[in-house]
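Data first, discussion second: the structure below is written as structure tokens.
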Amino acid sequence: MAFGRGRGNKRTSTSSYASTITMVIFVALCVFGVWMLSSNSVIPPQITQGSTRAAVAETERSDVSASSNGNDEPEPTKQESDEQQAFEDNPGKLPDDAVKSEDEQRKSAKEKSETTSSKTQTQETQQNNDDKISEEKEKDNGKENQTVQESEEGQMKKVVKEFEKEQKQQRDEDAGTQPKGTQGQEQGQGKEQPDVEQGNKQGQEQDSNTDVTFTDATKQEQPMETGQGETSETSKNEENGQPEEQNSGNEETGQQNEEKTTASEENGKGEKSMKDENGQQEEHTTAEEESGNKEEESTSKDENMEQQEERKDEKKHEQGSEASGFGSGIPKESAESQKSWKSQATESKDEKQRQTSESNTVERIMDGNAWVLCNATAGTDYIPCLDNEEAIMKLRSRRHFEHRERHCPEDPPTCLVPLPEGYKEAIKWPESRDKIWYHNVPHTKLAEVKGHQNWVKVTGEFLTFPGGGTQFIHGALHYIDFLQQSLKNIAWGKRTRVILDVGCGVASFGGFLFERDVIAMSLAPKDEHEAQVQFALERKIPAISAVMGSKRLPFPSRVFDLIHCARCRVPWHNEGGMLLLELNRMLRPGGYFVWSATPVYQKLEEDVQIWKEMSALTKSLCWELVTINKDKLNGIGAAIYQKPATNECYEKRKHNKPPLCKNNDDANAAWYVPLQACMHKVPTNVVERGSKWPVNWPRRLQTPPYWLNSSQMGIYGKPAPRDFTTDYEHWKHVVSKVYMNEIGISWSNVRNVMDMRAVYGGFAAALKDLQVWVMNVVNINSPDTLPIIYERGLFGIYHDWCESFSTYPRSYDLLHADHLFSKLRTRCNLVPVMAEVDRIVRPGGKLIVRDESNVIREVENMLKSLHWDVHLTFSKHQEGILSAQKGFWRPETSQ
């Protein structure tokens, strides 16, 4: 029970005596009224706390619906309707006969279920109580009465209406049946009542999942029983905007019997205590105050509704904590404390809103309506990181071909690259090596400039490739055999397996090396030699768009068996030989550099000067000029150099120029790393990579590299050599059993393949017997396993899939992504990544995704929005697989 602010303790003995007499008279009137009501089954809700408590307990489950009855009066929450005190100023205990009569009258009322004169008697008794208590109130300090009255009039009306509803419910029940939890309250007395009410409250909460106002009661029952009632009570007062002094008034009257009962009830109900204080003030409210405070009561109603909504969000967490047994002994936090301290939820709110905004963007794109065509100058050949005109215009210099290097936009594009007019499905390999559809790569300038060198010619609706080049106009195969004859130790397809072709042109050299079981990483810049790399990729020959400029190429150190340059227009001798030093970094110790250029065999003044400078530079690099040979058929010559396999020459040089790199310089670092004019030493430790030449092809494909030792932990948790072997066996099984037969993919027209997240290169190794080549991509934030891939006779590149890949649109027949997107989604948005996938894959091309089930669903939705044909999706144990095929659909709108 709650009282006025400290008034009970400050009264004189006369005032206390008068109050006692008034109480006795009032009790007598109550007994008389009860006797009169015994035949009418009327139970005034404001007479005793026991009757009020019982009435509220029976109607707790209907609080939410009752709170929306449309009246102008403030609608009390459950806490406000739990207990109603009739004697504010009397600290004494109610007579036992009064309580007993009340209980008997309640039972009688429930048995008869008659409600005919309930309203009238309730209002009369309420008026009598109001008159008597108003007289006593005039003797006391009424500082707080107005505030309390504003909120309590509506509460009294609420209790009456709840009681009437209770009687209506009783008429529908069998005679003598009581609502759940009521009987225990009627039989309980004194300290036993809170325990019964606690059980009732828990049962009611279990019965109702939508009960908003009951949220905090159960959570507070055990803390109150362990002596933390004060904290919880204060917390509840703060939540309801009530001063703490009203609670302290209850605690200061602890010597009175009636207060003991009230304290017990407060300990059992916790959150309800402030509502009880509101309840005992109902008798002070007059009809005049009711009509004068309508507007303020409406404001109170809004505040109560807001509090109910806040508690509704907390209910699930509180019930879960109570059910687990973790709620005991924990005081309830106040609304003020929650405002003062930021929670994880509030701190994360802005971030969630940001992500929601991104998610909405994803949803708009995924519905297929937000995809638009790119509006770039490059048109159908758009490469975002190489055609960033804004970044290129800001370059301070183009001396080192900076304008041909990567400059990715800050915001990765989500637009789609349009198709060339008249585009057709690409011609299959090996026919594609000799001819392609003109409309697929509609560029004729190169044919005009290089046609006489047998690079490319226009033949009707085809572009044909005689197989020639600047240095081998009579065909690449003859030139390849010429190099083999010049140096037998080259041993194509055995000792020499992976090469780098710099300035590849249309990549005829690399295209015909397949017949010698050699794979070539061909590169050329996107320059005035129109679409030369695009020609190569359309011919189904591996190539990337790159330039020897100011930064290292995205390859590890000491991985290429041979590097080739046939009039590649690279000034190797300039800048202290910086570009040649980059080749030295990538060339395997003991590997060869083949230089087929005019300075080797012509005697023009310029060529002679270049030859002298080149000879001095290669000597300072300790490269040995193994042979110079001339090809009479083509009228050209080639110089072949070999990189040293030891450091002996480096240590004997008279001049330290170019200098050796510092010991802490990482030769493998290659992602946007500037070039340096220095040399890295050759590894001498027998267990270090580069100290030995790999075993011959094809045995090197499945042989663990010698520098992987058993004490080293592999990517999948096994010792590195066994991890390597296990990965290979795994992918052989997956490819043969699943990819070849069960995912709806026809491999007959698959040639250009990319493994978007290669580890050991096991997927590419498993495709060895197919007529395909695989670009193995090692992500920059993944373990650096790219040297292992090269060691086994495969090739690959470093890349970050949050950026665009350095290749032309419509380059690949199949992309393979093994657990890529789940790792990318923590770093970048998947929508630009999927737009990049759509850019890289040619119409009719395929995509295989293995990933978490939720990622598979997300990717599937985006693919469908792109009008891809999804062949298969399968999930098991939170893992899934998806295969899809790209069509010819393009959006109708542009940026």
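Including glycine, each Cβ sits where the backbone N, Cα and C put it.
According to Swiss-Prot, the topological domain 'Lumenal' annotation covers 38-895, on the basis of sequence analysis.
If you look up Swiss-Prot, you'll see 43-362 marked as region 'Disordered'.
The annotation compositional bias 'Polar residues' is assigned in Swiss-Prot to 43-52 (among others).
Annotation comment: Swiss-Prot describes 115-127 (among others) as compositional bias 'Low complexity'.
The N-linked glycosylation site annotation in Swiss-Prot covers ASN145 (among others).
If you look up Swiss-Prot, you'll see 176-191 (among others) marked as compositional bias 'Low complexity'.
The compositional bias 'Polar residues' feature in Swiss-Prot is assigned to 199-232 (among others).
What Swiss-Prot lists as compositional bias 'Polar residues' is 243-256 (among others).
Residues or ranges marked as compositional bias 'Polar residues' in Swiss-Prot: 337-346 (among others).
Mapped onto three states, the DSSP output places ASN375 (N-linked glycosylation site) in coil. The Cβ of ASN375 (N-linked glycosylation site) has CYS415, SER894, GLN895 as same-chain neighbours under 8 Å, each 6 or more residues away in sequence. Per Swiss-Prot, the feature N-linked glycosylation site maps to ASN375 (among others).
Contacts of ASN709 (N-linked glycosylation site) defined by a Cβ separation under 8 A and a same-chain sequence distance of 6+ are given as VAL687, ALA720, PRO721, in order along the sequence. If you look up Swiss-Prot, you'll see ASN709 (among others) marked as N-linked glycosylation site.
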Structural state of ASN709 (N-linked glycosylation site), classified by DSSP into three states: coil
